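Written out below as structure tokens is the structure these notes cover.
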Amino acid sequence: MSLPNYQTPTQRLLASTNKRRLHVGPATLLDRVYPPTLVMDAVLVGAGAALIGILAQVVVPLWPVPSTGQIVGVLVVSFALGVIRGPLAVALYLLLGGFGLPMFTQAGAGWSHIAGQTGGYLVGFLFAAVVAGIVTLWGWERKFWSALAVSCGATLLVYAIGVVWLAHVNDYGLAEALEQGLYPLIVGGGLKSLLVAALVPFAWFALQRADSAVIAAQRNPATPRLRP
């Protein structure tokens, strides 16, 4: 005798919908929350770009230099949206900032930010989004240690592109470029990677607990009380 196939509302929704247009691979974090349709994909891409822009204005006074929340937004959005929508959200963020919306750090805007000495870090966000999105195909963002490794690797990729760009724009040698564009960022980058590696797996854990509670309720429905 086979047991009934209990499903959570999220699982039923995913099973009944095959119109996802901007996603490949298994369901991502936000696919477990919102209906996977083309319209919702577009909404999530826009919301992801907005979140990165908001976190770009968050400045934490770390040593030796203050740190912003851009890379946290890039990684969280890419882990939550996957290999297509994550990079699209970052690309939209860069385009909106380039066309004049105050999306960059300290409400900065314009193509001069992308072409300037910090432009390599902005371009690096797009590559980091691709890396973070790809690993969702194997679910690496769901566990702390794998999420931490990917976050650190993606952050280092951003820094590497940023350092090369900085050296080119300012005509620095390698040693000076590293001193100006990498060493001051290591502490902040490590802390932000830890934050992302804690947030995303916890969100998955919370969703799985919620789904388990729904399945348990379906298996053991409460017996209605008879009123006298």
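The backbone N, Cα and C atoms fix where each Cβ goes, and this holds for glycine too.
Note: TrEMBL annotation is automatic and uncurated.
Feature annotations, courtesy of TrEMBL:
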- 38-60: transmembrane segment (TRANSMEM)
- 72-99: transmembrane segment (TRANSMEM)
- 119-140: transmembrane segment (TRANSMEM)
- 147-169: transmembrane segment (TRANSMEM)
- 181-207: transmembrane segment (TRANSMEM)
Counting only CB pairs under 8 A, let me know which of 38-60, 119-140, 181-207 has the most with the transmembrane segment (147-169).
119-140
Using a Cβ cut-off under 8 Å, which residues of the same chain at least 6 positions beyond either end of the transmembrane segment (119-140) come close to it?
24-26, 28, 52, 70-71, 74-75, 77-79, 81-87, 89-91, 93-94, 97, 104, 113, 146-147, 149-151, 153-155, 157-166, 169
Against which stretches of its own chain does the transmembrane segment (38-60) lie, if we need a Cβ under 8 Å and a gap of at least six residues from its ends?
19-23, 30, 66-70, 72-74, 76-77, 80-81, 85-86, 88-90, 92-93, 96-97, 101-107, 125, 188
